[in-house]
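Undergrad: The structure's right below; bear with me while I get my questions together.
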Amino acid sequence: MVLDELISEFDRGLRSLTGISRMSRPVPAPAEAPAAELTPAERTHAAGLMRVNHVGEVCAQALYQAQKLTARSSAAKAMFEEAAREEEDHLAWTAHRLKELDSRPSVLNPLWYAGALAIGVAAGTLGDKVSLGFMAETERQVESHLDGHLSDLPAGDTASRAIVEQMRADEAKHGKAATDAGGIELPLPARMLMRAASKIMTRTAYYL
């Protein structure tokens, strides 16, 4: 049973890194078509933002895989699995949008994935309450980050905006579920360290 689980998670990891993500929900569609085509500068900027979001989803897969494998209770395992499935939709959506923008994922995705996997294992070994608290804080920070992207995306990029809005709704749901399941609030130094690491990742992934 453990071997089957490891093989399944290894397969998910490979799909995350190779761009063969499974989509259980269709790509969110904008409510209205853009008034005009994006300029080259707007496309480049939108692609940078969506590349950052794609990296975030690569990291989410690694985090939740590690936390699921190290979780003590079946309830916590199920929660991490459900979140990972929805985050895989996000991974596929952002990859799809990057292709539409004639861009690509981050060349550093293997590095981001490995780092997130190690962090997820570390959080998981501290127990389910800490691990769920880490999940809740991660989702809060991601939700805030997506709010910033909604303000920063070109006004005419309704396609990216529709994706980010659905991602934000899902992240809020995951964070609340983790808190409701008993996740504890992380100490301030841990939260600050997470924010600092996130800034490094987002600034790098925008370009690379």
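Cβ atoms here come from the backbone N, Cα and C positions, even for glycine.
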Undergrad: Which of these, Glu42, Glu81, Glu87, does Swiss-Prot say binds Fe cation 2 at the same site as Glu139, Glu171, His174?
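TA: The one candidate that Swiss-Prot places in that Fe cation 2 site: Glu87.
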Undergrad: Which one of Glu57, Glu100, Glu185 goes with Glu87, His90, Glu171 at the Fe cation 1 site, as Swiss-Prot has it?
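TA: As annotated by Swiss-Prot, Glu87, His90, Glu171 share the Fe cation 1 site with Glu57, chosen from Glu57, Glu100, Glu185.
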Undergrad: Please list, in sequence order, every residue of the chain apart from Glu57, Glu87, His90, Glu171 whose Cβ lies within 8 Å of the Cβ centroid of the Fe cation 1 site.
TA: Gly56, Ala60, Glu86, Glu88, Asp89, Leu91, Val142, Met167, Asp170
Undergrad: Which secondary structure state does DSSP assign to His90 (Fe cation 1 binding site), in the simple three-class scheme?
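TA: Once the DSSP labels are grouped into three classes, His90 (Fe cation 1 binding site) ends up as helix.
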Undergrad: What whole-number Å value do you get for the CA-CA distance of Glu87 (Fe cation 1 binding site) and His174 (Fe cation 2 binding site)?
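TA: Just about 10 Å between their Cα atoms.
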Undergrad: At a 10 Å cut-off from the C-beta of Glu139 (Fe cation 2 binding site), count the other C-beta atoms across all protein chains.
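TA: Excluding its own Cβ, the number within 10 Å is 24.
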Undergrad: Tell me the Cα distance separating Glu171 (Fe cation 1 binding site) from Glu139 (Fe cation 2 binding site), rounded to the nearest angstrom.
TA: 5
